[in-house]
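A short write-up of the structure that comes next.
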Amino acid sequence: MSGSSAKINLLGMNRSDLETFFESLGEKKFRATQLMKWMYHLGVSDFDLMTNMSKALREKLKEVAEVSVPEVIYEDISADGTRKWVMRLAGGNSIETVYIPDNGRGTLCVSSQIGCSLDCSFCSTGKQGFNRNLSSAEIIGQLWIAARSFGDYDLSKERYVTNIVFMGMGEPLLNFDNVVRACDVMMDDFGFGISKRRLTVSTSGLVPALDKLGDVTDVSLAISLHAPNNSLRDVLVPVNKKYPIEELLAACHRYLGKLSDKRRITVEYTLIAGVNDSETHAHELRDLLRDLPCKINLIPFNPFPNSGYERPSRNATLRFQKVLSDAGYVATVRTTRGDDIDAACGQLVGRVEDRTRRSQKYIPLQNINVSPDGRASV
């Protein structure tokens, strides 16, 4: 459970931060990696158990610091193996984290904010409004809790959590410093040792922050596109009015150009019945992404109360996918997981807290006009 704010929470500090911390105590830098091994390789949060540190140092740590994680207030496991946690943070707010097992790998979907300010019209989290950014400790705490649940500490053995995606609650690039620091810990061999190819940060398209991200880290990138043209994306993803599709795709090219290896952008496209799921939209998306090294993740919309939107039919989804596949794209349809535990982002925490305000903020489907050429207006 989150502890006293008077003490420094060492969870979520990257190696450089911890070295600076120990130097401030008059200790050598190597204490940082000692501590990281205890926290992340062994799952130990009690300083008294860290026996390769002197008793005097352990007493000093207890005076000024702590290893504090969020409090799990709800946990559920779906029939398909999907697992979801609702975690309470300092101040009483809650976040959610989802684990999805699939074909020999396990993906942990972590949150970066309490709520979200971008107000994408189809997103459950956005309807809850924005409260605050998560600290790096609160981000890493989600992975720490998952690792503890699975006993997932021995890096030499096959692990349950093999992939991490920042696709939970919030826009990661609006919490830039804490997300980057958390990524450092996730990838550090003295942290969780996650490969940069298996750690993905998703963004709705904050172009300046995306350019900055490429200067400080080399994680994999996903963009929440959801529309093949600006008029429709302005409605679904309002940040598009500030950073239109052309600027976003140019930023994606710049990001790939900064990487030391060849990788593709993951393009996320939520299919919404009667809004962006026609073959016209598929052809438009095909042409839009022609020059971008990418793979496309098609996500049938997961309805939530008062969303005003509907999931497309399976036939419509497969027709959309076929247009892209025939053009040579790797286009996968995300299998709906965890329906029996409200595993779609933002759904369960809203039900547990009973605090959502969806009915006041959604754009009703009947208020969106889509022309035959796929353009939209409200």
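Just so it is clear, glycine is given a Cβ too, placed from its N, Cα and C backbone atoms.
Some features that Swiss-Prot has for this protein:
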type     : residues                                 : note
ACT_SITE : E96                                      : active site, proton acceptor
DOMAIN   : 102-340                                  : domain 'Radical SAM core'
DISULFID : C109-C345                                : disulfide bond
BINDING  : C116, C120, C123                         : [4Fe-4S] cluster binding site
BINDING  : G170, E171, S202, S224, L225, H226, N302 : S-adenosyl-L-methionine binding site
ACT_SITE : C345                                     : active site, S-methylcysteine intermediate
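Cα of N302 (S-adenosyl-L-methionine binding site) to Cα of C123 ([4Fe-4S] cluster binding site): a distance of 9 Å. The separation of the residue listed as 'active site, proton acceptor' from C120 ([4Fe-4S] cluster binding site), Cα to Cα, is 18 Å.
Residues G170, E171, S202, S224, L225, H226, N302, recorded as contacting S-adenosyl-L-methionine, have a largest CA-CA distance of 19 Å.
Reported as a whole number, the C-alpha separation between S202 (S-adenosyl-L-methionine binding site) and C123 ([4Fe-4S] cluster binding site) equals 14 Å. In sequence order, S112, Q113, C116, S117, L118, T203, S204, L206 are the residues near E171 (S-adenosyl-L-methionine binding site), counting only same-chain partners six or more apart with C-beta under 8 A.
Per-residue pLDDT, averaged over the domain 'Radical SAM core' (102-340), rounds to 94.
Sequence-distant neighbours of S224 (S-adenosyl-L-methionine binding site) (same chain, 6+ apart, CB under 8 A from its CB) are C120, S202, T203, S204, G205, V237, E268. Every protein chain shown contributes to the tally, and the Cβ of the residue listed as 'active site, proton acceptor' ends up with 26 other Cβ atoms within 10 Å. Cα to Cα, L225 (S-adenosyl-L-methionine binding site) and C123 ([4Fe-4S] cluster binding site) are separated by 13 Å.
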